[in-house]
Amino acid sequence: MELTAIPGVGEKTADALQALDDPERALERGDVATLARAPGISSGRAARIARGAIRANYDDPGEFVATPRAREIYQDVLALLQERTVTDYATHRLETLYPSASRARIEDIRERTRQAMDKEPAAEVLDALDGVEPLSEPTDRRIRDRCLATQDAETYAHARDVIPEVSVELVDNARKLSELARGYATVVVLDESFARTDVDGDVRIEPDALENPSAVVPERTLGFFAHNRDRLQAAARVHRTAGLDPSCDLDSLETALDRLDTDGAVRGDEELDRLTTAVNDIDAAVSQAERVANDHLRDAIEERDVTIDGTDLLSLVERGAGVDSLLQRELADEYDAAVEQARDALVETLNLRETEAIARRAFGDDPAYPVEHDEEVVNRLRTELTAARDRRATRQKRELASDLAGMRTDCQQLVECALELDVDLAISRFARDFDCTMPTVGGDGFTIEGGRSPLLDVAFEDVEPVDYEVSGVTLLSGVNSGGKTSMLDLVALIVTLTHMGLPVPAEHARVARTGELQYHAKNQGTLDAGAFESTLREFGELTTSISEDRPVLVLVDELESITEPGASANIMAGILEALAERDATAVFVSHLASEIREVAETELAVDGIEASGIADGELLVDRTPVKGRLARSTPELIVEKLADENVAESDFYAGLLEKF
Ligand SMILES: Nc1ncnc2c1ncn2[C@@H]1O[C@H](COP(=O)(O)OP(=O)(O)OP(=O)(O)O)[C@@H](O)[C@H]1O
C-alpha cells in the first residue's frame, strides 16, 4: 500500500512510518502499538492513521461522527470497551474500531464480534494476558568479543549493514590481521585471500558468513528471545488456559526458553556449568590442594622420629643439602602421598575430565616443604579450561539459536494471537456486562426493545429498560427529568455501536444503515446573534446535504434554548419540515412540542415520556415514550396534584389546570 494514499498521511508521516520494520503489515493489522513506535507518532495519531488505512481499504468516506456530541458518545463507547482490556495493545487496537458507513466494514467486524462474544473471559486467561506484550527488538546488541575482517570496501559496507552488532575492520595484510586476533577472541575473515595466512588465535576464514548472520552472531536470535522471554511465556500460557490452537509447539518453545538466561546466555547445560565453575574456582582449588598436601606432610613429619647416622648427617651438611634432601631420603613415601592428595583434591574440586593430566602436573614430584604448585602449569590449565568453556558456550549458543531462529515467525503469531484474544475478550466482557445482543441492520429509522444505557448516572442494574421506535421525523416530549436526554443518548449509543459492528445493550435492536450521526446536544442558554446564526447555518447545510445514498440520523436536544420560545418553535418547525421532506430520521426533544406542531405546515409525529403522578415529591415516570402522545409537563402535574389536595383553593387550581 502506498503510504501517502492513506487519508491524513503526508510525506513526513510516511517517512516516519518507513522507519518501522514492516509498516504495511502494521497498517493492515491495525497494530496501533507498532505504528506508535515510529518516530514522532503519538498513539492517538497512530490510531488515526490506522483508521485512515482501514477507511481507504473499505472505500469508506468516513465522517459518520458528525457533531461534538456524537463524538463524545463514540468516545464513551470506546472507553467502556477499553476498560475491559488487559493489555495496552488491545486498548490501542480498539481505537481502530469506529462507526462506519461502509456495509463491508460493518459486516467484517460483525463477523469477528459474533466469534468474540462466544469467548469466555475466564479469570485465569485474563491473568495470563497480563504479561503479554508485542515482541520487540532489544536495544543494545553490541558484541565485543568478535569482529569481521575484510580487504574489500564493498564487502566492508555490506557487512556493516548485515551484521551491525559487531565491528567490521578493513585489513590489507597479515600483520593487521594478527593485531585483530590479539584484540578479539574471534576474528571472522570474509575473504578467501587470507586462507593460507598463518595467524595465531581464533581466526576463521568464512567467505559465506554474511549469508547466515545468526551463525556469526547467535546472540542476535538469543538476545531477541531473551528480551521477549516473559512475553512469550505469557503468550504460551494464554494459549494453554484459553485452549487456543498455537502456531508452534508450546512444549518445545518453553523448553528452549528455559535454556535461555535473561542476558541471552545458555543455561541448564551441565557440561558448560562444570567448565564455568572450574574456570572461576581454579585459584581457590589450587590453594586448597596445597593446604591438603601440607597438612598431610606436617602431620607425617610431626609423627616421625627421624634417626640419622652421624656420617650421613655430616655428608649432607658438607654437600650443603637442605631439608629437601632429608625429605627425599627419609620421607619420600609421605611426600608422594601428600602430593597425590593435592592432585586428587584439585581434580576432584574442579571436577576435571579432559584436563586432569595437566592438573596433576601442577604439583611436581620433587620433594619440598611446603608443597607448592607450579604456576606455569596452573596457567596452562586455566587457558585450556577457558577455551573449553568458550567452545562449549559457543556451540550451545549456536545450537539454541538455530533451534529458536526457526520459531521466530511462529512466535510472532503466537503473541499476536494472544493480544487479539484480549481485544475479543474486551468485546465479550462488554457484551456480557451490559446484556448485549447483536442488532439487525436495515429498514427505516430504528427499533429498540429493552434498551438500557450504560452511560447513565445510575448503576447499570438500576437502569430501567426502555422501548422506542422511530421512523421519520418525531418530536419527543416529556416531563422534566423523565429521561428524554437519556433516550437520545441511548439511541445515539445503539446507532454508533451498530455502525461499529458491535453488540448493543438491548434485548433487541434494529437500526437503519446510516451515513452520518448528527447529534446536537442541548445548549446551555440563549445564543448571541453570531452563534445563533452559525447554528442555523449548520442545520441549513445539514438539511440540504441529505441524499438517498447518504442517509442521516438527526438527534436534537431542546434546540429551543438557543433563542426565545416563539422564534424557537418557528425555527424548529421549519427544520423538521425540511427533514421530513427529505425522508430523514430525526428525533427532536422539546418542551415546545405543542407550539411546534401548531406552527408546522405538515403533520408532525409526537411521542411522550409520561409521569403517572407524584409520590413523596418525586415524579413516577414510565421511561418508555408513548407513541403519538404529547406528554403532560411537570408544571401541569404539580397543578393537578395541588388541585386534588387543596379543597380550599380548588377553584384557583382548577382554573390553572384548564389553561394547560
Ligand atoms: N432508563 C432509565 N433508568 C433509570 N434512570 C433513568 C433512566 N432514564 C433516565 N434516568 C434518570 O433520570 C435522570 C434524568 O434523565 P434525563 O436528563 O434524561 O431527563 P430529561 O427528560 O432529559 O430531563 P430535562 O427535561 O430536565 O432535560 C437521569 O440522570 C437518570 O438518573
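From the backbone N, Cα and C atoms, a Cβ is placed for every residue, glycine too.
The domain 'DNA mismatch repair proteins mutS family' feature in TrEMBL is assigned to 471-654.
Residues annotated as ATP binding site in TrEMBL: Gly478, Val479, Asn480, Ser481, Gly482, Gly483, Lys484, Thr485. Under the DSSP three-state reduction, Ser481 (ATP binding site) is assigned to coil, being neither helix nor strand. All chains included, 14 other C-beta atoms sit within 10 angstroms of the C-beta of Ser481 (ATP binding site).
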Mean of pLDDT values spanning the domain 'DNA mismatch repair proteins mutS family' (471-654): 88
Residue with minimal Cβ packing [other Cβ atoms within 10 Å] among the binding-site residues Gly478, Gly482, Gly483: Gly483
Number of other Cβ atoms within 10 Å of the Cβ of Val479 (ATP binding site) across all protein chains: 23
Residues satisfying Cβ distance under 8 Å from Asn480 (ATP binding site), sequence separation of at least 6: Leu619, Ser633, Thr634
Binding-site residues listed as Lys484, Thr485, least Cβ neighbours within 10 Å: Thr485
